[in-house]
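Novice: Below you'll find the structure I mean.
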Amino acid sequence: MPDTATPRTRPFYGTTLTHPLMLGTAQYPSPAILAEAFRASGAGVATVSLRREGAGGAGQTFWTMIRDLGVAVLPNTAGCHSAREAVTTAQMAREVFETDWIKLEVIGNTDTLQPDVFELVAATRTLTADGFKVFPYCTEDLVVAERLLDAGAEVLMPWGAPIGTGLGLNNPYGLRTLRERFPEVPMVVDAGIGLPSHAAAAMEMGFDAVLLNTAVARAGDPVAMAVAMARATEAGALACAADPMEPRDMAAPSTPVIGQAFLS
């Protein structure tokens, strides 16, 4: 029997994820539902915001719950609009969450939440020099990707579509080209995933994980959707590892005609 366990994907800064699904921790109906979504799906990473952590008892309760899930924690710099602001937020997050991992977000447009790639590269260079393991939220642009890698990033997180839209993979060609151009770089499709089919498509392209939040947190049944997303990422990863057939323009019979009886 073939091994149908989820294939191991490229490690992230030396760490192999327990599962290729990464989940955000905002917008859930309740902390209990958030925790159950993680447990039921087996998601390997929880992204957390310093702003979400907050101060006082509520913030400490949230952080305790996340630690109790036993998953890897990836703090982010959500809401930052400059390299300086992102660097400061990352340094604070390292102290609070006790990790060198940082999902680096530097937003350049408040309507589309598109990354400011110029500030992103600058912040990546500063943070890697300071010992951070940077996960930059970027576009699928090849030149931007190369600049981020030159700045010290060892992981890329291209968007599928604008954050929170659920539109899926807006530019499959660009994402596929990015994946093929840097075959050894761990990559996560981040933002815009709305359906399990979107997650599966990203994994089929050879991406190593998908990160989503709104599609699960705002679903009618967040726990069921988390499980659906987990199974979709597993299916996509298995399909990629199975070396899918190449599509073709012409029909080709799947049943051979040799040896068949012909009646006149």
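Note that Cβ sites are derived from N, Cα and C of the backbone, with glycine treated the same way.
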Novice: Ala191, Gly192, Asn213, Thr214 show up in TrEMBL as binding 1-deoxy-D-xylulose 5-phosphate; which entry in Gly164, Gly174, Gly206, Gly236 does that record put in the same site?
Specialist: Gly164
Novice: Please determine which of the binding-site residues listed here (Gly164, Gly192) has the lowest count of neighbouring CB atoms within 10 Å.
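Specialist: Lowest Cβ count within 10 Å among the binding-site residues (Gly164, Gly192) is Gly164.
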Novice: Using Cβ-Cβ distances, find the residues under 8 Å from Lys103 (active site, schiff-base intermediate with DXP) that belong to the same chain and are at least 6 apart in sequence, listing them in sequence order.
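Specialist: In sequence order, the residues whose Cβ lies under 8 Å from that of Lys103 (active site, schiff-base intermediate with DXP) (at least 6 apart) are Thr47, Leu74, Pro75, Asn76, Thr77, Phe135, Tyr137, Met157, Asp190.
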Novice: Using DSSP and three states only, what is Lys103 (active site, schiff-base intermediate with DXP)?
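Specialist: The residue in question, Lys103 (active site, schiff-base intermediate with DXP), is strand (DSSP, three-state).
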Novice: I need the most crowded of these binding-site residues: Ala191, Asn213, Thr214. Count other C-beta atoms within 10 angstroms of each C-beta and give me the top one.
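Specialist: The residue with the densest Cβ neighbourhood is Ala191.
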Novice: Translate the DSSP assignment of Thr214 (1-deoxy-D-xylulose 5-phosphate binding site) into the three-state scheme.
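Specialist: In three-state terms, Thr214 (1-deoxy-D-xylulose 5-phosphate binding site) counts as helix.
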